[in-house]
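*Asks:* Here it is: the structure, laid out below.
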């Protein structure tokens, strides 16, 4: 079973009997995944367009980081959430998901899809850390030299290389296996490594590198940021109005810090609880895993990709302006045509008559030569 980036009920999982899947449960899960798929596509695409299309004023380094995270979340949406949508759609039709491509091409696709699934998730997590470090430097060391764009490019490159390295074992472990004359993409560490122990060791590596260590680091950095901001006083004369404005600003920063840490921890907690339970042997057979536990573990983890863009849009007024501009630019063509017709009509109605032109001309001449004020 692929314990890494898919639960036992995923499209790349071992073959379980369809009898455990009812139409109602499959349809509700399909609906839930379809919702986060659409939300993630919308939120991340709008955020990328707002930041890359000069619709938003934002520091260049932070813009690069957030765009990189949105790209990683979009990749997660396509290769992770998209596969899950297809899987549950087949379950609704009471069909088993089999690997349709055989041979070398099928093996390559099997390895590459799971590799990209892991890469996308790891890249999103590592980018969250890069954003937190950048904010930490800006708040705790405000007089340090601002990071150059070239340094930001280097950080993003390191993030992707680290994500590739984290998911690279899947290029070896994922295999095409024939079961009842059907092909399935499954995890198998043999013959070079022991299957059971290798799964367990890789699960531990993922738990520490993609959840526990990032969570502790995010909590530490944002706690320091919150304390630093809360203890800082606004420059200039302190008035009641200034105190209210400063307090609102501090509350907003505190809410951003708390939201980022809570969303990350709560979204991925069920998934890693599931992996740990499987690692300690709580489930004798993957097909005996409680359906709700396997589903919730993956669903909330994948939902993190849909929630991330809205965190930055909700708490940043500059991003909100950029999003509004993008949405207004992408409005329906008939609305744009109607607006243009209305504008043209109002311009024609506001054009002065020939007599008015002459009056304006005489008034301008009087004002220029005689210094008389123009008449209204």
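Every residue gets a Cβ built from N, Cα and C, even glycine.
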*Asks:* Match it up for me: which of 4-27, 292-315 does TrEMBL list as transmembrane segment?
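*Replies:* Feature transmembrane segment in TrEMBL: residues 292-315.
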*Asks:* Considering only the recorded stretches 64-86, 106-131, 152-174, 292-315, state which has the highest number of Cβ pairs under 8 Å to the transmembrane segment (202-227).
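*Replies:* Per the Cβ under 8 Å count, 106-131.
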*Asks:* Residues sitting near the transmembrane segment (292-315): Cβ under 8 Å, six or more positions beyond its termini, same chain?
*Replies:* 6-10, 29, 32-33, 36-37, 39-40, 43-44, 46-47, 66, 69-70, 73-74, 76-77, 80-81, 84, 121, 124, 252, 255-256, 259-260, 263-264, 266-275, 277, 323
*Asks:* Report yes or no: does the transmembrane segment (64-86) come within contact of the transmembrane segment (253-277), defined as 3 or more CB pairs under 8 Å with a sequence separation of 6 or more?
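*Replies:* As far as Cβ distances go (cut-off 8 Å, pairs 6 or more apart), the transmembrane segment (64-86) and the transmembrane segment (253-277) do not touch.
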*Asks:* Under 8 Å between C-beta atoms and at least six residues away from its ends: which parts of the chain pack against the transmembrane segment (253-277)?
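*Replies:* For the transmembrane segment (253-277), the nonlocal Cβ contacts are 3, 7, 125, 128, 132, 203, 206-207, 210-211, 214-215, 218-219, 222-223, 225-226, 229-230, 283, 289, 293-294, 296-298, 300-301, 303-304, 307-308, 311, 315.
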*Asks:* Any residues 6+ beyond the ends of the transmembrane segment (152-174) with a Cβ under 8 Å from its own?
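*Replies:* For the transmembrane segment (152-174), the list is 2, 4-5, 12, 60-61, 64-65, 68, 72, 110-112, 114-120, 122-123, 126-127, 130, 185-189, 192, 198, 202, 206, 209-210.
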*Asks:* Over the span of the domain 'G-protein coupled receptors family 1 profile' (43-312), how high is the average pLDDT in this prediction?
*Replies:* 85
